[in-house]
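Structure record follows, encoded as C-alpha cells.
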Amino acid sequence: MNPFPELEIRVPATTANLGAGYDLLGAALKLYNTFIFKPQSALEIFASGPFADQLGFPLNHENRVYQAFASVFQRLGLAIPLFQLELQVQIPPARGLGSSSTAVIAGLLAANAWAGSPFSRHEILEQAIAWEGHPDNVAPALLGGCILNIQTPQNYFSAPLDIPKNLDWVVLYPAFELETQKARAVVPDSFSKADCIRNTSFLAALVAGFAQNNDQLIALGLNDCLHQPYRQVLVPGMPEVMQAGREAGALGVVLSGAGPSLLALTRQNSEEIAKVMQAQWNQLGISCDYVIAAIDAEGALVLY
C-alpha cells in the first residue's frame, strides 16, 4: 500500500498591490488553479484547462511546483517522493494574477501533507515568501482574504483586512503577457519624499476605506505614484482603459500585480463597466477578456 494519499490542492488567484500597496497588499480571488498529486514511481507532469498551453515553465524536474515540493523534503532530510501531477490551469499565466504563486503554494502544501505536516501554515508562508521574494501574492493565496504584509527587521507580519462584502472585483486581462522581471526593472530604486508621503496617504486611505466601507476613501486609496506610472509604458492603452473604467462608474482601476491585467473595484453595473473597459482596449487593437470575481476567504485548500 502506498503511504502517500492522492491529493487535490486548490489555490486561488491573487491580485497584488491594489494601487499604493506596492509589494505589501494583496487579495485572493475566486478563480483557481488546481493541482492533483498521485504517487507513482516516475515523475510525470501534464497540464489541462483553458490556459494549459500558456504555462511559462517546463513540465519536468525544472517545474516550479516540483521544485517547491522537493525543497520541503530536502529541508527535512528525506527522500523526495515521485508523483504524477495534473495542473488544471484556470488562471491566465503571466498576467499579474499570481499564477506562479499558486505553483509554489501547491508544491509546498503537497509536500508538507505527504511529510506528515511538520510545518505550520505560518512556516509554509515563510518558505513561500523566500521562494517569491515578496509576500503580496503568496500570503493571500495561502491564507485567503485581503492581506496587508508588514515587513519587520526579521520577517513579515501578515494582517487580514476587513473587506466590504458588496464590492465586485472586475479583472480585465489582455491577450499579451508581461514578465514580472521586466515589470520590476522599470520601477526606480528610490523615490522622492513627496511621492513616498503621497503613496503612504493613499494606502492609509484604502485600508480605512475598506474598514469603514467608505467609497470616497476607497476611491482615493486606489491611486499610486510608486510603480504604476513607470509600468504603464509596458501596458499599451493602460491610461485610457483605466480612465474608461472610472468614467463608467468604477470606484477605481489599478494594475493587477505587475500587470498587464487591470483590476476595477465596483459597487454596481460591474458587467457594463467591464464591457466599457474591454471595448476601450479593443478599440486600441488589443484583445482582452474579463472576469467578475469576489474575494476568496479560504485560501489554499488541501483535499484528500
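Backbone N, Cα and C define each Cβ position, glycine as well.
Annotation source TrEMBL lists ATP binding site at Pro92, Pro93, Ala94, Arg95, Gly96, Leu97, Gly98, Ser99, Ser100, Ser101, Thr102. The domain 'GHMP kinase N-terminal' feature in TrEMBL is assigned to 63-145. Taken from TrEMBL, the feature domain 'GHMP kinase C-terminal' covers 204-282.
With a 10 A radius on its CB, Gly98 (ATP binding site) counts 32 other CB atoms from all the protein chains. Taken through DSSP, the domain 'GHMP kinase C-terminal' (204-282) splits into 47 helix, 9 strand, 23 coil. In the shown protein chains, 21 other C-beta atoms lie within 10 A of the C-beta of Ala94 (ATP binding site). Ranked by Cβ neighbours within 10 A across all protein chains shown, the binding-site residues Pro92, Gly96 are led by Gly96. Taken residue by residue with DSSP, Gly98 (ATP binding site) is part of neither helix nor strand, so it is coil.
Take the CB of Thr102 (ATP binding site) and look out to 10 A: across all protein chains shown you find 32 other CB atoms. Sequence-ordered, the extra residues of this chain that approach the ATP site, with Cβ no more than 8 Å from the Cβ center of Pro92, Pro93, Ala94, Arg95, Gly96, Leu97, Gly98, Ser99, Ser100, Ser101, Thr102, are Ala13, Ile91, Gly257. Note: the domain 'GHMP kinase N-terminal' (63-145) comprises 47 helix, 6 strand, 30 coil (DSSP; helix = H, G, I, strand = E, B).
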